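Structure, as structure tokens:
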Amino acid sequence: MENPYEITAIVAREILDSRGNPTVEVDVHTPIAMGRAAVPSGASTGTHEAVELRDGGKRYHGKGVRRAVENVNKIIAPELIGMDVRWQREIDKLLIELDGTENKSNLGANAILAVSLAVAKAAANSLELPLYQYLGGVNAYVLPVPLSNVINGGVHAGNELDFQEFMIMPIGASSFREAIRWVSETYHVLKRVIMGKYGKNAVNVGDEGGFAPPMKEVTEPLDALIKAIEEAGYKPGDEIALAIDAASSEFFKDGKYIVGGKEYTREELLDLYKELVSTYPIVSIEDPFHEEDWEGFVMITNELGKKIQIVGDDLFVTNPRRLKKGIELGAANALLLKVNQIGTLTEAMDAAYTAFRAGYSVIVSHRSGETEDTTIADLAVALNAGQIKTGAPARSDRNAKYNQLIRIEEELEGIAVYAGKNFRKVFF
């Protein structure tokens, strides 16, 4: 008798991401269903991330992924065909073994992850379950607070802002649908605020849909956000809070942090963060120090960790080993979860549970180069993470995730809980 959950075919192809760069998409087939997944790509990447395989050469300026696609079609597919699509952990283990390197540089993390995610989707579709329920079970019911990146700086934009992201968090909303409305309304008011001060050319958007105005001082975007929140009719802090991704590895040079043209020591930069947190309703700071500045992370966690969320992105790169080191040291109190930093769904979920067990919060995150794939929306609900970071409410690659969360909330009507002000500890 035919096993309806047996993998019968795996097909990979090269498609384009939101920046017009190639990425990998994979279809996994069973006799009764198909799962499709496409992988994202980051601009500010941590040194310890799993490695994307790119072709080099002239084609696509060296960014083609035909080698990764070939690795799926010729190496991975023959090994997985015949396996039960529901064996996610076994399949991911096999993918890691087939690659044989610690950073997945042989087959490519982009090839491996596309297969891993497509397997999960094929299993969910074969079982006629929504992906969030397949991954999280009947207890997956918490809708996340969006950390919406509405002003872009750093490597995501062409302005002089050193900090990479300035985000709004609708913590006072009563549902995800209300939260995303608050974000959208504030975003449109922000456009007006920026145009009024910097002119109509200042509302071009960055990779993640946020505006990239000609700002330089770190306080300029924060002041603009407060003004936009108030003019949209909301209360800064109580209803809509602020969050920052400093991405400080990008402005760390020769042992110093360069912000706004000024040099800062670790201690001076910590003082700047403390001043910002005391002045503005900031509830989360991501990558406040360089990815190897463990001491800086410990310092800021000791100083501000009881009051706000200190997030490790480049610090942890969704890597369980680096996360465990951070937990032992007391560095940061939150994990930014990016599935493509580690390369398989199993490893990403393991990292999330490691964080939860240590009392760390988890933010499921997109990358700056995205696709229309909505897996991370389902993953945020599956984990009851309470937070998702997936850009401004603009550009279809970002809104695809928000729209999926709206659908999930609708499916869970009567059961769904919006994390709101409990975004850091949804069950406490």
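Here the Cβ of each residue, glycine as well, is placed from N, Cα and C on the backbone.
Per Swiss-Prot, the features are:
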ACT_SITE  GLU208  active site, proton donor
ACT_SITE  LYS338  active site, proton acceptor
BINDING   GLN164, LYS338, ARG367, SER368, LYS389  (2R)-2-phosphoglycerate binding site
BINDING   ASP245, GLU286, ASP313  Mg(2+) binding site
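Same-chain neighbours of the Mg(2+) site beyond ASP245, GLU286, ASP313, judged by a C-beta within 8 angstroms of the site's C-beta center, are, in sequence order, GLN164, GLU165, ILE244, ALA246, ALA247, ILE285, ASP287, VAL311, ASP314, LEU336. Each of the recorded positions LYS338, ARG367, LYS389 was assessed for Cβ neighbours inside 10 Å, and the highest tally belongs to LYS389.
The binding-site residues recorded for this entry are ARG367, SER368, LYS389, and the Cα of LYS389 lies nearest to that of GLU286 (Mg(2+) binding site). Listed in sequence order, the recorded positions from GLU208, ASP313, ARG367, SER368 having a Cα within 10 Å of the Cα of LYS338 (active site, proton acceptor) are ASP313, ARG367.
Other Cβ atoms within 10 Å of the Cβ of GLU208 (active site, proton donor), summed over all protein chains shown, number 30. Rounded to a whole number, the C-alpha distance linking LYS389 ((2R)-2-phosphoglycerate binding site) with the residue listed as 'active site, proton donor' is 10 angstrom. For the binding-site residues GLN164, SER368, the greatest number of Cβ atoms within 10 Å around a candidate Cβ is found at GLN164. Restricting the binding-site residues GLN164, ASP245, ASP313, ARG367 to those with a CA within 10 Å of the CA of GLU208 (active site, proton donor) leaves ARG367, listed by sequence position. In the three-state DSSP reading, ASP245 (Mg(2+) binding site) counts as strand. For GLN164 ((2R)-2-phosphoglycerate binding site) paired with ASP245 (Mg(2+) binding site), the C-alpha to C-alpha distance reads 6 Å. Cα separation, SER368 ((2R)-2-phosphoglycerate binding site) to ASP313 (Mg(2+) binding site), rounded: 14 Å. A Cα-Cα distance of 13 Å separates ASP245 (Mg(2+) binding site) from ARG367 ((2R)-2-phosphoglycerate binding site). A Cα-Cα distance of 11 Å separates ARG367 ((2R)-2-phosphoglycerate binding site) from ASP313 (Mg(2+) binding site).
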